[in-house]
Amino acid sequence: MGKWERRGRNQQLNKAGTIQTLYKKLKESKDFLVYHHTGPTPCVISYLKTMADPKILNESILPGLKNADLHSLEKIKEAITVENISITDQAEKIKEKVLQGYVVIQMTENDNQVLLIPASTKVGRKVSIPEIEFSVVGPKEAFVESLDKNMNLIRKRVPLPELTVKELSIGKLTNTRVAVVYIDGIANEININTVMQRLKEIDYDQMIDSSYIAQMIADNSNSPFPQLLDTERPDRMTEALVEGKIAILVDGSPHALTCPTTIVEFFSASDDYFMPWHLATVFRLIRLFAVLFSVLSTSLYVAILTHHHEMIPEELLATIISSRADIPFPPILEVIILELTIELLREAGARLPTKIGQTIGIVGGIVIGTAAVDAGLTSNVLLIIVALSALASFTTPVYQISNTIRLVRFPFIIGAQLWGLIGVSMVMALFIGHLIKLQSIGTPFFAPIYPLRFTDLKDAFIRLPFNKQTQRPIQTRPLKSERLQPSDANKKRDIDE
Amino acid sequence: MNKKRQSKIDLHVPENLLVTPFFVFFLIHAMQLGVGILSFETYIARDAGYDAWISLLIAGAAIHLLLWIVYNILQNSKGDIVSIHEETFGKYIGGFLSIIFSLYVLLLTLTVLRTFIEVIQTWVFPQLNVWFFTLALLLLIYYLVAGGFRLITGLCLISVLLALPLLWLKFFPIQAGDINNVFPIIDHTLVELLSSAKTSILGFLGFELLLVFYPFIKNPEQSKKWAHYGVFFTTIIYVISAIIAFIYFSEKQLDQVNWATISLWKIVEFPFVERFEFIGIALWLFVVIPNICLALWAASRIPKRMFNIRQTYMVGIYCLILYVATIMLDERQQIKELNDIANMIGFYVLMYIPVLFLFKKARDKVRDTN
């Protein structure tokens, strides 16, 4: 019952009715101006002061009205030197345009026929450098909140007529513009249709950020793993588009989504492509190792110290015993205390302004850590492990997956406490099974591991040189898979040739 | 043939649930390699002594032959075991045989599950809380089986990828062992070798599940070579494991060892870790889980095909049976008996495959002449 009522009210909010009712509603707001223009051409000018550009009003519209006596909207339309002027009597359209900042001209106040003059202005931030996905070399532009500016950033990188932009508006109240971008002829229609279909099915009142969409169109919304890759880098998005992926941009969000994606893509950084391939490969492998370390290290500590202390070699055992001798807690409690401390520091650091946040990080790390060891709450060895695993989780190039790693750790710790290494294996099997089942826009998320795609492994755990990247990844099922003619690229010269 | 019967035999699996022929390699291999490999060395050496690796080769060859027969049966019928039984023996006898097959696969599942828990009890946690551990393990298995055949195939792949590195550990016993243990080669009679081959063949059980998952293979004709590669790979792994156990243990010593492969992990030593068998057993979970999942999936698939019951319910019922049975079998002797019974029935099932082939051939001939 409540749901129906709510839906009814929403519809009422959206319904325009007549121009008179619209004006009545708008006049309740202080920034809506209705101005009776006198002089040679008497008419009524109305607009939202906060949305319309006063420059256009003053320099193009008002001078046009002063010139001669114009007695119909058509005449005025000819006299004003602004493009895209239209005449309409549809209340729905007028409402939409007024709210965007258009200037409305009527001959008399009760006329239904109106002239709509585009004069909107938008306040927003300038294009700045990427802060979350920073890279030392490479382009330094990041998306901003304005959809049009973001499209500009993409179009200038992909000057192709095939770059297609489909736009729809989502959110019953916010009417947010959402753009689906892809390269026609490379991106597979099945993927495009899936994305469009899911976007059309979204039924929600607001659309604040692209992360809303990421959660709403995800194949499995109960999974801790993000199934759409979000990026703030136009260059990274260009790469994705060229590979045949689809991008989703939301007006008001500085993060674009690309899909379909795979788990390994979350661990590939833009830097990997700006460096020679062998360096990139080594660093990518280090990053993957760091992720495994971050997820498993504390649970292995719990498993080994609680259940399998026979595994520790004699020499190492002395070190561990001396550091744990005064600790009153079992390993599991010790680990949970420290992990929670680190999570606390992280949350505090993320909520506080940058400068205070840094201080908290340093103070927290050094002071609390040392104090905990001195107080005999945790051991030195564990402090090192936890600090390293926290550090390791920051090496992920995509912010979202680092949050997943934070969370995924805890089931492993519980498994380790219950059945040692076998418990860790069981949790691992659970997550591997989950990942195998997971899909991103209908394509397997765990590729290229399963389904095993040998050709896609060239840019998964390792990155081969560009002249070996002859094919686009199969994962996206591109319509054109060839990137370059392999015969020229891979020809090897004999000695002295 | 009436229409109703046609619809039952002509089973259709949606395209997106099929797996490529290549994965049959992993399916066959992962199903054959279970808990048996952890202890088989002792048993095969009882008859043929340290010539038993030859028996393994004989057994492997026999399995290749049986696999060829299985493919022959399947290729001519384009169905699975349920439809083949129905075509060959009619609705009632065929149905009965299918149920027997389903229960046999369930018994295999139980054997693997219970034996693995026994390994954990013996080597890792003597005080293991069996009812709680089994509950957690079966919940995990239920979740995985509910993910469907594609997920299980993925687990088979992962299991091979994770278990393969364990082969490197065989290097440690080679260093410590004596190669002369294996010589002289062939000082046993053919009868002894064959009797050992009969024991060895039990390690290859599991490939017969192909009779159930065959309709899930895309272009199944092409999967034939991958299935044979899978069996060949299993044979190689068995032979390597056997020879290395023979190199390390003397013949009399081996007779006293219960879990030869695990004992060999025990001698592995790195500067940062000792007692490697804990890691070995934990990793072995990834070998056992696909094994259990695939068998449970196959066992529950048969009633679904026969009576159109939802497979989810069947998996639930079978999990419950497994759970109760696992808890009831709590003595070492019972588990040994369970293994013996499963092996005996498994051997009969292997014998049954050629019989089924002959019956089906005869039936096809009769139908053709009509």
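Using the three backbone atoms N, Cα and C, a Cβ is placed for every residue, glycine included.
The structure displayed is predicted, hence computed values, not measured ones.
Copied from TrEMBL, the annotated features are:
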type	residues	note
TRANSMEM	B:21-40	transmembrane segment
TRANSMEM	B:52-71	transmembrane segment
TRANSMEM	B:92-117	transmembrane segment
TRANSMEM	B:123-144	transmembrane segment
TRANSMEM	B:151-169	transmembrane segment
TRANSMEM	B:199-217	transmembrane segment
TRANSMEM	B:229-249	transmembrane segment
TRANSMEM	B:278-299	transmembrane segment
TRANSMEM	B:311-329	transmembrane segment
TRANSMEM	B:341-359	transmembrane segment
What else in the chain is close to the transmembrane segment (B:151-169), if you only count residues 6 or more beyond its ends and a Cβ gap under 8 Å?
-> 19, 23, 26-27, 29-31, 33, 144-145, 237, 240, 264-265, 268, 276, 280, 283-284, 286-287, 289-291, 293-294, 297
Taking pairs 6 or more apart in sequence, does the count of Cβ pairs under 8 Å between the transmembrane segment (B:52-71) and the transmembrane segment (B:341-359) hit 3 or more?
-> yes
For the transmembrane segment (B:123-144), which stretch among B:92-117, B:199-217, B:229-249, B:311-329, B:341-359 has the most Cβ pairs under 8 A?
-> B:311-329
Is the transmembrane segment (B:311-329) close to the transmembrane segment (B:278-299), in the sense of at least 3 CB pairs under 8 angstroms with a sequence gap of 6 or more?
-> yes
Can we call the transmembrane segment (B:92-117) and the transmembrane segment (B:229-249) in contact, meaning three or more C-beta pairs below 8 angstroms at a sequence separation of 6+?
-> no
